[in-house]
């Protein structure tokens, strides 16, 4: 790395001094960027790292920020297949409170904790007269294996393609790279009374919804 010297004059009242000023050439820091894509799994989502990062568009940010289903609004109906492949409509549950929770994926650490926490408190939800329903983008076969392995006593619905998630405006995390974890409590008339979002403390969803149901 080459260097050159120059000088400048410093005036201090009656004393004049010439000080050397060292001029250094700075080169750009070299760092490697992976040219091949690499993948890692994070809470059920596959994140891809490559040398190209696409900018976040304003339209995608709008989808992340603004919910389409809000508190006080009648929840839009939908029909999805359950873990046994049978079609289930949301309107089927009118007349009783419904705890509807969207989660990223079956068999991931956070989602398994959440599912088992709902299982362990299922009798408390039943005592409150509420039905518990889980929704993710996994297919019915995945849900069946997941429910069987962990002995889940409630319904899991398959939202392949995430259509219902998008229709409801469930916000994602990490700029949409990670499917959001959001729970809705509907009253017996199908009106949204509580919306709770907490990606990284999945078991808090059970605490907050039970607290709300007991106070209602």
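Heads up, the Cβ atoms here are built off N, Cα and C, so glycines get one too.
Computed from a predicted structure; not experimentally measured.
Now, the feature entries from Swiss-Prot:
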DOMAIN    69-216  domain 'Thioredoxin'
ACT_SITE  111  active site, cysteine sulfenic acid (-SOH) intermediate
DISULFID  111-116  disulfide bond
Stretch-averaged pLDDT - the domain 'Thioredoxin' (69-216): 97
Recorded positions listed as 111, 116, least Cβ neighbours within 10 Å: 116
